Structures are given as structure tokens and as C-alpha cells.
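Participant: Before we start, here is the structure in question, set down as C-alpha cells.
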């Protein structure tokens, strides 16, 4: 699942989920003693919170930040990763908010949502043994505000800046159109054939790494793996030619734009952030020269910018937490519909003032100058200090137009609500879904389990070819869309269940009675929960699996667990990769989708040798399609 959210300050609570953080200076978070007070300026807490140059001002502000509930865990086992530490803490019923690791260092910083959670972690983890190491825990100080740190360096004439930062400053002399292109479409000046070559090379590297990992985790596959690596340039399977996107420009049907101060100090500018907050930049550049944004979306941005500049409300500042206008999300479709969602921090405004603002917005886009913007659906999202990581929990009010927009894909119609997932490149999604259908080898006796189905695009696109489709999705809004989509496409052989894949998958799998089952799994970017992977391994009637990843490196642990040798934790015969391909859904960037076909290892065979790939005609086995966007 592709995300488009703008970068937020590292200390904001608005992150969608537990985050892995990295920093170039781990020492700055450390505290020498076991106990410490929060940093304060002379004159106490009041002076600290009012001093505009205090690097820790945000921790004294009357707003939540997990930085004030941070600890340092020392003497960690070597070579552990983010997921290892996260699972270790959750195993002991601890709820970390953010985790920061530092390469091969044996310490990490962990923040919590409140003092009670932090103190519980300190008491429980301190002195605990993990993989032969005795852990210790101490309090850690908050991280300095990067914006104020950069400001201090600038005022000092750049003194102390590392050479790389000084070089970046020189590069900032390039025109803004070039600077923002380098940020949002870094391959804009690379010929498309070369872009495809680089992406294919990246996938090749992933397959070579997977070959090494399989050799380390499943010695029984070594004879088969040796043959594969010799034949396919050290890869674990053959890599087919990358499939290009039908459109290389103006292909995104969804963009999330920041509302902030322009790079030339223009007030209330809508566009992309020129740099990351942690890099000390909040400047925004409009999308007029961005080649991946559609003309329709640019028109909406232009009209919305005109509107907010007529209002008395300022842009929201992630540095001071003041201001109102935060973000504009625009979705467009082939049906010439456009959805605009504006995110607004109400601060201390009264309901009457908000109603006046929404009324003026409605009038502007239905009767005023914004009428020609093409907006057919207009939402107002009230977003203060976010208490829940789930965007569905934010108050989302329809101001004008229809509740949803509609899109056409593979000759089918789909309803899209504000929070529902839909691939950002419709044309390339058709290429991807066609490939999935080809590799799945479905027939009229097949039952499809469409896990993490979103608005039902994959399952609905395959429904007429199979006996039944069962969708699983945790987003209630998306499930409603999926049910409507099945109805408007005249499909009666499809049903949807709302719930987390790790909670629902096993139950649904056990309830299906069919001679041929195909499981299509479409989880978020980080991959599936380990419970789902383990359920797939245990279901030995699932013989084939296709995995599509937009970030194959993030999904590598899933790949490895599918192929590793059986154990007490991972039961069931392993899979092996036999076919791979890339599909370019994101031209002008280094991202692409990776399609990977796995087949279950047959231990009844004399040995594990490579066999020619043949279409599956048996109805006594299940196929699993695993999709990660």
C-alpha cells in the first residue's frame, strides 16, 4: 500500500503507526545519569516554553509529545532489528510509541505515550535477559527541535555544519522547479528505459539476497538453490522483463499536499515540502511543474490556494503548533470526478466560526470562482492533536457534492470513499492485476480469498472467472465501498468481512469448503502480520503463492519466513520462489511493484530439484496470491 503522507516533526503524535527512527547523532539523546530532568532555560519552565531559541521548547508546550517519555535500552544483543525489538517489547505487554536503532550499536531509544507506560518498561526491562545479554534501562532526554537547531546554525554563519550540509546549501541555488523535482520525482531527468533498467537491477539484487537468506535458513534447499544461482546470475529464480507503466507522467490519481509557507515566503502555499522537518525545512513548493501530478489535481490545488488566502486563518506550524490549515488531499479519476479533503486544526475556534468557514468554502466551490475547479466531492477534516493513529477516527464532514468518487478499471466501476485505498496509478494497476490473474491460473471451480482487499479491486476483477470471492479488510469505509462495488458490477458471488487479517484469516480459511482455493493477500507496505504468514505455512493445501511488493526490502522477512525450514514456530512445508517480475507503478521514482511466485516444496519427492514451470490443473490444491502495496 502506497503512502503519500507528508513528513511530520519527529515528535508529533500524528504518525499512522509505530515508527522506526534513525538519527545521525545518537549521543544527543543520551543521559549520563540514571535520573534526569527535562531541559529548561534559565528562569524555569515558563522561561523555557517562551524562549523562541530553546531547542526543547516543544516538550514544555501544552501538547503531547512522546519525547518526554523516552528511555534508552542498553546492552542489546548484536544484529537485532526494529521488528525484533518491537516484538520483544510487545511480548512483555509493553506498548512502545517510537523505536530508534543505530546500525550495529547495542543500544536503542524507545518512547512511550505516557509516564505510566514508560515507568512500567523501565521496571520490567531493566535487568532482563535477552539472547544471553542482561539489559539495562535509563531515562533519555528529548531530541532537540531540528528547525531551531538549523536556525541556530544559520545564525552562526553555517559554523559547525558538516561538509555534506554545506554542499546541500550550494545545491539549493538551483531553480525551485528543479529542487522540488529532485525531491518528489528524483528520476525526472533519467530516460524511461534507463529507469526501468535500474528498477529491474534493484529487483535482481533482492532476489540475490533472498537466495543467500534461503541458504542460511533452510539447508535442505541447498541442492536446488545451487542450481538456481548458477542458472540465474546468483538469483533464486528467473527474473522476467519488467512491465512498464502505460503513462509515465500525470499518472497519480491521489496526492497529499502540505499547506505551509512557500519557499519564497509566500503565505498559505499548497504543494510539496522542499525538505524534511528533521532536516530543518518546512518550505513548500506548488505542484505546477511536478510531472507526476495530473492537470485536474493541479487545477484543484490552484483554486483551493486562492480560497484559503481569502480566509483570516494561518497555516499550521509543526514548529510552534499554532495555525490552522494543514493538508489538502486530492483524488481524481478517469470519470472526470475530483475529491478534495482539507485538513484543518480548529485550535480554540468556536463551532459557529467553523460553520461560517465551511459555508464560505461550500459557496466558493459550488457558486463562486472555485466552481470551475472540477471538485465534485468536498470534505472538511477537523484534525487537532491526534489521539488515534487511525485516520478513520478523524471527524470528516461532507461540505459539498457527492459522498464518493468513482473510477473505472479493467472495464469495471469502483466507488472510492475518502479513506479507502485505491492504487495511485490506475493504468499500471490494470497491468499488475492482469499479471496476477495470469499467474493465479483460476477457473470456474476456484474460490478466491482476497485478504486486505481495500475497495475490492482485485477480487472483483477476478470474480467472473471463479466460483466465489471472499474479501477481508480492516477499514470499515473500504468494506462498505467493496460491497457497493460488487453490487454495481452485478456480482453476487462475493462477500466481505471487516477485521484485521491476523484475526480473521485463519477463521475464514477454515470455513471455506472448495476443491480449489486462491488466497490473494494485499497488506500495507510493511507486509503481513506474522500470524498470517504462519497460517499460510500451516495450510499445506495452499500450494502456490504470488507475492507483489512495492518495497521488497521491507517484505524480506515475509519472504524468508515463507521459505525457512519447518520448526516449532513455523509449521508446514516451506515455499520456494520460482518466478519473479517487476511492474512499474511509480514512474520518475525508484519505486516499483515486485511480483514473486512461490510454490510449496514437495517433501514426498526424492530431492528438491528444479522442475519446469507448468500450469496448475489440479483442483486438490490451493493457490495463495500475496499482494503488498
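A Cβ is built for glycine as well, from the same backbone N, Cα and C atoms used for every other residue.
Curation does not apply to TrEMBL; its annotations are automatic.
Quick paste of what TrEMBL says about this protein:
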REGION    1-52  region 'Disordered'
COMPBIAS  18-43  compositional bias 'Basic and acidic residues'
DOMAIN    69-142  domain 'RRM'
REGION    146-175  region 'Disordered'
COMPBIAS  146-156  compositional bias 'Basic and acidic residues'
BINDING   423, 473, 522  S-adenosyl-L-methionine binding site
ACT_SITE  550  active site, nucleophile
ACT_SITE  550  active site
Participant: Which numbers of helix, strand and coil residues does DSSP report for the domain 'RRM' (69-142)?
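Facilitator: Counting residues by DSSP class gives 22 helix, 22 strand, 30 coil.
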Participant: Among all the protein chains here, how many other CB atoms are within 10 A of the CB of residue 522 (S-adenosyl-L-methionine binding site)?
Facilitator: 27
Participant: What whole-number Å value do you get for the CA-CA distance of residue 423 (S-adenosyl-L-methionine binding site) and residue 550 (active site, nucleophile)?
Facilitator: 11
Participant: Give me the count of other Cβ atoms within 10 A of the Cβ belonging to residue 423 (S-adenosyl-L-methionine binding site).
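Facilitator: Summing over all protein chains shown, residue 423 (S-adenosyl-L-methionine binding site) has 26 other Cβ atoms within 10 Å.
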Participant: Average pLDDT across the domain 'RRM' (69-142)?
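Facilitator: Mean pLDDT across the domain 'RRM' (69-142) comes out at 88.
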Participant: Give me the non-local Cβ neighbours of residue 473 (S-adenosyl-L-methionine binding site): same chain, 6+ apart in sequence, Cβ-Cβ under 8 Å, ordered along the sequence.
Facilitator: 452, 453, 454, 479, 482, 496, 497, 498
Participant: Give me the Cα-Cα distance between the residue listed as 'active site, nucleophile' and residue 522 (S-adenosyl-L-methionine binding site), rounded to a whole Å.
Facilitator: 11
Participant: Across the listed S-adenosyl-L-methionine-binding residues, 423, 473, 522, what is the farthest Cα to Cα distance, given in whole Å?
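Facilitator: Greatest Cα separation within the listed binding residues comes to 15 Å.
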Participant: For residue 473 (S-adenosyl-L-methionine binding site), what is the secondary structure by DSSP, using just helix, strand and coil?
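Facilitator: In the DSSP reduction, residue 473 (S-adenosyl-L-methionine binding site) maps to strand.
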